[in-house]
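**Student:** Please see the structure below; I have some questions.
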Amino acid sequence: MVLLRKLPGMPGWPAALGLRLPQKFLFLLFLSGLLTLCFGALFLLPDSSRFKRLFLPRRATASLPRSPPAAAEPRHASPAAPRRPREKLRTAARMAGPNRTAPGPRQQPQGGESRAQPAGSEPPARDTRAPFRFDYERFRRSLRHPVRGGRRGEDPETRARRMKIKEMMKFAWDNYRQYALGKNELRPLSRNGHIGNMFGGLRGATVIDALDTLYIMELQEEFQEAKQWVEQSFDLNVNGEASLFEVNIRYIGGLLSTYYLTGEEVFKNKALQLGEKLLPAFNTPTGIPRGVINLGSGMSWSWGWASAGSSILAEFGTLHLEFLHLSELSGNPVFAEKVMNIRRVLSRVEKPQGLYPNFLSPVTGSWVQHHVSIGGLGDSFYEYLIKSWLMSDKKDSEAKKMYDDALEAIEKHLVKKSAGGLTYIAEWRGGILDHKMGHLACFSGGMIALGAQHGPQDSRQRHMELAAEITSTCHESYTRSDTKLGPEAFRFDAGSEATATRLSERYYILRPEVVESYMYLWRLTHHPKYRLWGWEVVQALEKHCRVESGFSGIRDVYSTTPTHDNMQQSFFLAETLKYLYLLFCEDDVLSLEDWVFNTEAHPLPINHTDFRAAEQP
C-alpha cells in the first residue's frame, strides 16, 4: 500500500487524482469503512495479542476476562463457576440421554461469562451457593456395621487360618515393595517389575489394587507405604493406550474403595481426575464407549481383535458401579448419565433368545455376532446388574429386571448337566453350544446366590441350588488337577468332565473367581465345606505358587512340578487374598448389608441415604 501525502504547493490528493465531488464522497466513505474494519478487528484478537496491548488503553485490556493457566487449574474443578449441588442420581438418570449430557468439569458454559458487559448494565449476580461437598462423616454413621467388624469371639482354628492369609498378603506386598514398587506387577522369579501396555502409562497397579486389602487386614505400616506412594508418585499425566475396563475396575475402583474406607481426600481426588480422563471414550454415535483410550489425547478406538470394531459387553457393562460413585462424590451427574445411557441402548436392542451377545457396535448399537458367554467377554456385565440394584438400596428396579430376565434366559439355554451329574454354564455361538466353562465364569455361583436372596420364594430355593451346584463344579475343576488349582478353562465333552483338554487352557494365573464364590456361599449358607475348600486353595497356593520372592502363576495345573510364569498379578492382592481372608472373617467384616464388591473385589458402599453435605446459607 502506497501512503499518499499532501505536499506543500500541491492540491489535496483527491483532487490530484482528478476526482469529482460525488466520486470524492464515495471514496472517503470507502476509506472510512476500511479504517473502521481494521481497528474493529483488534477487539477480536486474543487477549494476549501484542497488537491489542499496543492500541488499547491499559485499563481496557486488564478488564477483559482471561483464562487461568491450565497448569494452575485442578482437573476436577470447573474453571467457570462453582458446581451446582447435585441432584439425586435417580434424577440424573432420568435426565440422561444419548445426546444430552451435563457439561464436563472442564467444559465452559456456552455464552457469556466471558463476554464484556454492556455499558450501564448491572453485572450478573454471583452464584453464592456452596460447592458440592460429600459428607463423609454422615456416610460413616450410616453404615450398619463397623468396617472391620465387631471383633466377637471366634474359633481359634479359624483365626489361625485368617492370620495365615494375612501373612501371605504381607509376603506378597513386601516383595512387590522391595523389587517392583511403582511398577504395575512384580516378577517374583527375576525380582523386577513389569509395566505392560494395558494401563496407558499409569503405574502402580499393584499399589492401587492392594490398598483396601492392606487396610482391611490391618497391615497399617504397609498401608501407609502404599498411601505415601499415591500421594507422592502416582502420576495421572500420562500419554498411552489404556483399557477403559481395566483402568476403571482396578484404579478407579481401588481409589474409590479406599476413600470410602478411610476418608482420605487424596484417594477421592485421584479417582475423580482419572474418571474425567475416561469420558472421551463415550464420544460415539450411540454413547457406547470404545474399549481403548489414550489417557493423554482422549482419542479412543476399539480393540483390534474385536469383531468389526465392536465394543465388548463385559467392558462397557462393567462401569456402572464406579461411575455412579464418581457422580456421588463429585456432584457432577455426567458420570451417571454416561452409564445410564448404556442401559438405555441395551434395553432397546433386541436380545436373541433373551441373551446378551458379547460384541456390540458403538456406531449402530446393534450386535455384531451372536456369541454369548458368562465367562470372558460377558461375565461382569451380569454381575453389575444385580449389584447395581443392591447398591441403589434396591431402588434400581430396571437393573433387577434386566438381571432376572438375563438369568432366566441363561437357565433356559445355557445351563446344562454333564453325564457325571455336574452342572455347568455352556457358551452359545449362534445357537450352537460350546460345552466348556472358563475359570472366569466361576464367579457366577456367588452372583446367583447373592441374587437368590432377593427373588420370589418360588425361585429362591432353585437359584440357591443352582449356585451351589455351579460352585461345586468349579471346585471339581480344582480337585481333579494334580496341583489342586483350577485351569483357565475346563470342558464337558469327549468323556472329560471339569478338566482342561487343551494345552493352552491348563494354566493358572492366581485367579480369584472360585474363592469368590466360596466366600459368598459361606456367608449366605454357613455350610462348613466352603471354608474347607477355601483352605485347600490356601495350601495349594503355598505349595505350588509361593516362590522365594512372591507368588507366581503356573503354566500347567496338571503337572506335579509346575513351571512358574514369573508374574504376581495385581488382582491376586486385590481379589484372591481378600476373598480368602473374608472367608475366614465374621460376616460383619465388610458386611454385605453395607457394601457391594466391584469386579476387582473393591468394596463400594450401598447408598442407604443421600450424603450431600448441607448447603451453607
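Backbone N, Cα and C atoms are what each Cβ position is placed from, and that goes for glycine too.
As listed in TrEMBL for this protein:
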- 25-45: transmembrane segment (TRANSMEM)
- 62-131: region 'Disordered' (REGION)
- 62-81: compositional bias 'Low complexity' (COMPBIAS)
- E246: active site, proton donor (ACT_SITE)
- D379: active site (ACT_SITE)
- C442-C474: disulfide bond (DISULFID)
- E488: active site, proton donor (ACT_SITE)
- E513: active site (ACT_SITE)
- T599: Ca(2+) binding site (BINDING)
**Student:** Hey, what's the Cβ neighbour count for E488 (active site, proton donor) at 10 Å?
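**Tutor:** Neighbour count, Cβ to Cβ under the 10 Å cut-off: 20.
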**Student:** Considering only the recorded positions E246, E513, T599, which fall within 10 Å of C442 (disulfide bond) when distances are taken between Cα atoms?
**Tutor:** E513
**Student:** Within 10 Å of its Cβ, which one of these disulfide-bonded residues (C442, C474) has the largest number of other Cβ atoms?
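**Tutor:** Selected residue: C442.
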**Student:** Can you give me the Cα-Cα distance between E246 (active site, proton donor) and E488 (active site, proton donor) in Å, rounded to a whole number?
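**Tutor:** With the alpha carbons as reference points, the distance is 19 Å.
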**Student:** If we count other C-beta atoms within 10 Å, could you say which of the active-site residues E246, D379, E513 has the fewest?
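**Tutor:** Output over active-site residues E246, D379, E513: least Cβ neighbours within 10 Å is E246.
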**Student:** Give me the CA-CA distance between D379 (active site) and C474 (disulfide bond), in Å, as a whole number.
**Tutor:** 15
**Student:** Starting from the Cβ of T599 (Ca(2+) binding site), draw a 10 Å sphere and report how many other Cβ atoms land inside it.
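**Tutor:** Within a 10 Å radius of the Cβ of T599 (Ca(2+) binding site) lie 25 other Cβ atoms.
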**Student:** Write down the Cα-Cα distance for E513 (active site) and C474 (disulfide bond), rounded and given in Å.
**Tutor:** 9
